[in-house]
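All remarks here apply to the structure that follows.
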Amino acid sequence: MEKIKYLKSIQISQRSVLDLKLLAVGAFTPLDRFMGEEDYRNVVESMRLKSGTLFPIPITLPMEKEIAKDLKEGEWIVLRDPKNVPLAIMRVEEVYKWNLEYEAKNVLGTTDPRHPLVAEMHTWGEYYISGELKVIQLPKYYDFPEYRKTPKQVREEIKSLGLDKIVAFQTRNPMHRVHEELTKRAMEKVGGGLLLHPVVGLTKPGDVDVYTRMRIYKVLYEKYYDKKKTILAFLPLAMRMAGPREALWHGIIRRNYGATHFIVGRDHASPGKDSKGKPFYDPYEAQELFKKYEDEIGIKMVPFEELVYVPELDQYVEINEAKKRNLKYINISGTEIRENFLKQGRKLPEWFTRPEVAEILAETYVPKHKQGFCVWLTGLPCAGKSTIAEILATMLQARGRKVTLLDGDVVRTHLSRGLGFSKEDRITNILRVGFVASEIVKHNGVVICALVSPYRSARNQVRNMMEEGKFIEVFVDAPVEVCEERDVKGLYKKAKEGLIKGFTGVDDPYEPPVAPEVRVDTTKLTPEESALKILEFLKKEGFIKD
């Protein structure tokens, strides 16, 4: 520890902290470091390390150009977490450039910024670094430490229970009766035990918070599973939401924890729908890829179709069987749980979830009309964003909501003082405002943000900071000629004369939203009419009571 004071220090992201931890404990075996260039390119293109071993997801350490260019081969550097705690030292062996489109297209199958990882990748540095790692200390956890188990600890627990077959279950959601049924059926199918292995690291933005989920997993394990055959362990994984490739990766990780079988369900590790409303992955694509490679990775797949509840039988059956037998069935989607039950203060039915789970979820959610949300107005300079924002704020306050208004000009004076107008500084400004907005929303406040925010990927990253449905993107649409006519400050004129550089709409592009929640054409609507249109959307979504 004394020597590290004299070494160069680099802060790494929370994603990289989680990757580092799982590298250190052997969860990513055979990997023991962030990937070098040859491994990286092989994995991206063929899902294999340079040794030929199957490994579908690149595990890399991004670095900003300014930092990467000063690194020297062979030097030792300290890797610190976002709070500046030293976690490991790395001997720099490789510094190499990466390409977002190349990686995203091959690994995720898309470059659509609605994919949460694609949006995040736009903020990574231009380089990856790799080298030998020596751990100083691993991140400490003070929540449910008894369930934060390493691969070695889980393998020892499996051995102590005398289980030669064990099926692992991955989830990032609260568990309900259907998941309980699925896992218990899987145990019977393999004739062994169960590893309940929920992810408590980085999941899909907007998922139910980790503390609520951990409480649910704990109570279900303690009250409804046979402890002689079941192990509960929390996995601090940074998910990529990479669908089929991610399913394979999850299987490799569970093999390293001692599992012999792995449950792969419908839409495994899927981030939902793209900008055009189409699913990123086919529902059973992950099962197909896993089946192809299960023998090679050394863990068998236990596939499941969607299970549905049949009232007349008082049991769950696979949906295809229910259809084949003409059975009447019911199920509740995740969206329906949130919108029709939790946010309305309605109790979830007992056929759907255990009463203890229903109680924990009820404590977490407040009625929809009391929940926080963010209205994000984006558009060209002088399109009318600030005026609409002020009118909308007044309308919401008159209806009893407390509103925070984050206007671009005001933010530049306080929150983002010192930032310029380069693309990097503009993205930083957008993400700063987005972070503040997400914290307000998290605590059930209402925030209206009025910023040019010209870059689609940055806006999508802000969207991903919030629970699904709570980021309302409003495209304040007006052609550049109209905006120029409205410009009382003469900024467009100065930009055209070359007196202002990088001005959006003149010499810097504006990327309009692909699928905004609301579009207001300010050449046809007055500011008041535009604000009313947004208000009507908020009423329709249940954020405002009539």
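Glycine is treated like the rest: Cβ placed from N, Cα and C.
Copied over from Swiss-Prot:
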REGION    1-370  region 'Sulfate adenylyltransferase'
REGION    371-546  region 'Adenylsulfate kinase'
BINDING   GLY379, LEU380, PRO381, CYS382, ALA383, GLY384, LYS385, SER386  ATP binding site
ACT_SITE  SER453  active site, phosphoserine intermediate
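Taking the features listed in Swiss-Prot, we show where each one sits on the structure.
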| residue | record | DSSP (3 states) |
| --- | --- | --- |
| GLY379 | ATP binding site | coil |
| GLY384 | ATP binding site | coil |
| SER453 | active site, phosphoserine intermediate | coil |
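When the binding-site residues CYS382, ALA383 are compared by the number of other CB atoms within 10 angstroms of each CB, CYS382 has the fewest. The Cβ of GLY384 (ATP binding site) has 24 other Cβ atoms within 10 Å, all protein chains considered. Geometry remark: GLY384 (ATP binding site) versus the residue listed as 'active site, phosphoserine intermediate', CA distance 14 Å. When the alpha carbons of PRO381 (ATP binding site) and SER453 (active site, phosphoserine intermediate) are compared, the span between them is 10 angstrom. Close to the residue listed as 'active site, phosphoserine intermediate', meaning Cα to Cα within 10 A, are the following binding-site residues out of LEU380, CYS382, ALA383, LYS385, SER386: LEU380.
Residues VAL452, VAL476, ALA478, CYS483, THR522 surround the recorded ATP site, their Cβ atoms falling within 8 Å of the Cβ centroid of GLY379, LEU380, PRO381, CYS382, ALA383, GLY384, LYS385, SER386, which are themselves excluded.
Under 8 Å, Cβ to Cβ, and six or more positions away along its own chain, LEU380 (ATP binding site) finds VAL452, ALA478, VAL480, CYS483, THR504, GLY505, TYR510. Looking at SER386, SER453, the recorded positions in this record, the fewest other C-beta atoms within 10 angstroms of the C-beta turn up around SER386. The Cβ neighbour count for LYS385 (ATP binding site), using a 10 Å radius over every protein chain in view, is 29.
The Cβ neighbour count for GLY379 (ATP binding site), using a 10 Å radius and every protein chain shown, is 28.
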